[in-house]
Amino acid sequence: MTDSFHCEQIPYSVLAAEYGTPLYVYSQQAMTAALNQYQQAFAALQPLICYAVKANSNLSILRHFARLGCGFDIVSRGELQRVLTAGGDAKNIIFSGVGKSCAEIEWALKQNIRCFNVESLPELERINTIAARLDKIAPISLRINPDVNAHTHPYISTGLKANKFGIAYQDAIAAYQLAATLPHLQITGIDCHIGSQLTDLSPLVEALERMLLLVDKLAALNIHLEHIDLGGGVGIVYQNENVPDLVTYAAAVKRLLAGRHLQLMLEPGRSLIGNAGTLLTTVEYIKHGEEKNFVVVDAAMNDLMRPSLYQAYHAIVNASQTSADELTADVVGPICESGDFLAKDRTIAAKAGDLLLIKSTGAYASSMASNYNTRCRAAEVLVNGAEYKLIRQRENLTDLLSPEKVCL
Ligand SMILES: *Cc1c(COP(=O)(O)O)cnc(C)c1O
């Protein structure tokens, strides 16, 4: 019964009163339903679905996905530690990222993760050297840049020639040939990730077609792959986007993989958690500026960076039975930056003290939070039916200040 006033069966106002604001609230049922959509659409292909931890790395959320059978896509040693702490299985962890350090590679090898998604030739050499020292064989996949345009925001478009990610398409065969000569590597797969918040299926399908051309060329060179990893998931609805249909996506993948013995892997993040999260914030002031109105709230860009970073849109709903008149305003936080806004030019009825819900803030929201302006990061609550639990306590100033030393 999630509506404007409830997360599942719990009124948002109850959670705000108990834990204060800003507060992240997640619907466990929404997470489960989002994963079920992937599992059902792709059922015939029995994919390994590796939740992209960076979307939201809260330990309880990771545990929930682990219990539902997910693997995990990580991009740092810290994320690896989170997955293991949450009860995830190292055998289902894949390690992505363009800048894996020696220490990170060593640690991941010792944990016997499933695969390194390698992004460059020097990384191949580095992994081989470390694996040799540890007397191990490192399973690797090469992240290939298929050079397709995902038509998404430039900051989250990753599959173009100009991006820092992946190995250039025309260099892919040579990279595999190099990998095949390195004795402490075991080539297991191929992967790509062309971008996030994709609203169109065709680039995903085009990327897969281009990857399969490589798979065939490699087979002719006696390099046989076990898996193909198509990277992140589809986009979600923040406003009125047309998002790709997973059944259609799965049908296209199934058709292209037919007759091949390739295990499918997927790395969705946003689409598993994005719409399951809501950021609760309280209106501090209504301010009538010279040219604009401002709804000043107690959440800010340090809690939710997406509007500032990507000009992202998040719907905002007033969860109080407000008596206020509608106005057109920017919804802004207390941080001393003009870039500190959560919404621009919204028509909203709000007065000081009202509780606002910033919708679709499950992904790339709390995981991107910072302490800018010495603000404590928000608490997080997980709702399941009529139950709810605090899954991250609000940071306090001792947490913030204790790593620092006054040495003068
Ligand atoms: C961020 C990322 C993902 C997750 O992308 P979503 O759009 O959130 O599904 C998957 N794989 C890699 C390599 C990523 O960097």
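Glycine residues also receive a Cβ, built from the backbone N, Cα and C atoms like all the rest.
Under the DSSP three-state reduction, CYS336 (active site, proton donor) is assigned to coil, being neither helix nor strand. What TrEMBL records for CYS336 is active site, proton donor.
Annotation source TrEMBL lists pyridoxal 5'-phosphate binding site at GLY233, GLU267, PRO268, GLY269, ARG270, TYR364. Taking a C-beta cut-off of under 8 Å and a sequence gap of six or more, PRO268 (pyridoxal 5'-phosphate binding site) has these contacts in its own chain: TYR38, ILE49, TYR51, ALA52, GLY232, GLY233, VAL234. Reduced to three states, the DSSP call for PRO268 (pyridoxal 5'-phosphate binding site) is coil.
The substrate binding site annotation in TrEMBL covers ARG270, ARG306, TYR310, GLU337, TYR364. In sequence order, ALA312, HIS314, THR361, TYR364, ALA365, MET368 are the residues near ARG306 (substrate binding site), counting only same-chain partners six or more apart with C-beta under 8 A.
Annotation source TrEMBL lists domain 'Orn/DAP/Arg decarboxylase 2 C-terminal' at 24-362.
Look at TrEMBL and you will find 32-273 tagged as domain 'Orn/DAP/Arg decarboxylase 2 N-terminal'.
Counting only same-chain residues six or more apart in sequence, the Cβ atoms lying under 8 angstroms from the Cβ of LYS54 (N6-(pyridoxal phosphate)lysine) belong to VAL75, GLU79, GLY269, TYR364, SER367. Annotated N6-(pyridoxal phosphate)lysine per TrEMBL: LYS54, in sequence order.
Nearest by CA distance to TYR310 (substrate binding site), out of the recorded positions GLU267, ARG270, CYS336, is ARG270. Filtering GLY233, GLU267, ARG270, TYR310, TYR364 by Cβ distance to ligand 1 (under 6 A) retains the following binding-site residues: GLY233, GLU267, ARG270. Within the same chain, residues at least six positions away from GLU337 (substrate binding site) with a Cβ under 8 Å of its Cβ are MET301, SER308.
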